[in-house]
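> One structure, as structure tokens, below. Some questions next.
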Amino acid sequence: MKEIAHFVFGVFGNASALFLFLAPVITFRRIIIKRSTEQFSGVPYVMTLLNCLLSAWYGLPFVSPHNLPVSTINGTGAAIEFIYVLIFLIFAPKKEKTKIFSILVLVITAFAAVALVSLFVLHGQSRKLFCGLAATIFSITMYASPLTIIRLVIKTKSVEFMPFFLSLFVFLCGTSWFIFGLLGRDPFVAIPNGFGSGLGTVQLILYAIYHDNKGPGKREVSDASSQLKDLENGKPQEEKQTPGDEQV
């Protein structure tokens, strides 16, 4: 029974992880159409790329037996996230582009170092421990990377730049892999995904609180539309008084 549950949550984890990786398609469609990254952050996508690379490596049979589903889905995720990062680099402003490119170089260097050390220096249980620790640390970093967006949501009281489906699948993916790790008695899978499940919960709570609030850009469009309707209906517009117009 336990083996069946372990398999089921592995399948569900793969499905929810795939949806998590594909959720930003809507965001990147907007970026391509507007040819601007606006206030979207590229950090989560770079950190997700690193997490996918390390998790895919950790799931390989010669590193960690019985974790092949972890390897297959994260290998797919790495390819998807790399495409996102490239798109972000194309349309980001110069300062943001330099920042994301620098982080990308660090990500590739970190993964290469972990892979080479584990392959040529370590063996057996020590290899699994080393790769597991690396994957756990950067998985937590990946899940923590949207904290900048959470801060923006709280500051602006708007979820315009925190896509709902991304938050939803962070929660679903984190929860399913957390249970998968518990059933498989693998702390390197359970711990970071338990953290991700909690962070996904926080994002969904914020979305529930602020989902009715419009972003600054939408509010301006709404105000303009309202003024246009008033003009069409023959309603006079109130003149905005400037400091110089105030009566003494």
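Yeah, the Cβs are placed from backbone N, Cα and C, and that goes for glycine too.
Summarising the annotation, TrEMBL assigns transmembrane segment to 6-28, 40-60, 72-93, 100-121, 133-154, 161-183, 189-210. Positions annotated as region 'Disordered' by TrEMBL: 216-248. Residues or ranges marked as compositional bias 'Basic and acidic residues' by TrEMBL: 229-248.
Context for these features, please: burial, neighbours, distances.
Distant neighbours of the transmembrane segment (6-28): 40, 45, 48, 69, 72-74, 76-77, 80-81, 84, 87-88, 163, 165-166, 168-170, 172-173, 176-177, 179-180, 183-184; these residues of the same chain sit at least 6 beyond its ends, with a Cβ under 8 Å from one of its Cβ atoms.
Counting only same-chain residues 6+ beyond the ends of the transmembrane segment (40-60), those with a CB under 8 A from a CB of the stretch are 21, 24, 27, 31, 67-72, 74-75, 77-78, 81-82, 84-85, 88-89, 92, 96, 99-100, 103-104, 107, 110-111, 114-115, 118, 128, 131-132, 134-135, 138-139, 141-142, 145-146, 148-149, 161, 188.
Tertiary neighbourhood of the transmembrane segment (72-93): same-chain residues 13-14, 17-18, 20-22, 24, 28, 31-32, 35-37, 40, 42, 45-46, 48-49, 51-53, 55-56, 59, 100-101, 104, selected by CB-CB distance under 8 Å and a gap of 6+ residues from either end.
Sequence-remote contacts of a segment are chain residues at least 6 beyond its ends whose Cβ falls under 8 Å from one of its Cβ atoms, and for the transmembrane segment (133-154) they are 39, 41, 43-44, 47-48, 50-51, 54-55, 57-58, 110, 114, 161-162, 170, 174, 187-188, 191-193, 195-196, 199, 202-203, 206, 210.
If you look at the transmembrane segment (161-183), the same-chain residues 6 or more away from its ends with a CB under 8 A from one of its CBs are 2, 5-6, 9-10, 12-13, 16-17, 19-20, 23-24, 26-27, 38-41, 70, 143, 146, 149-150, 152-153, 189-191, 193-201, 203-204, 206-207, 211, 215.
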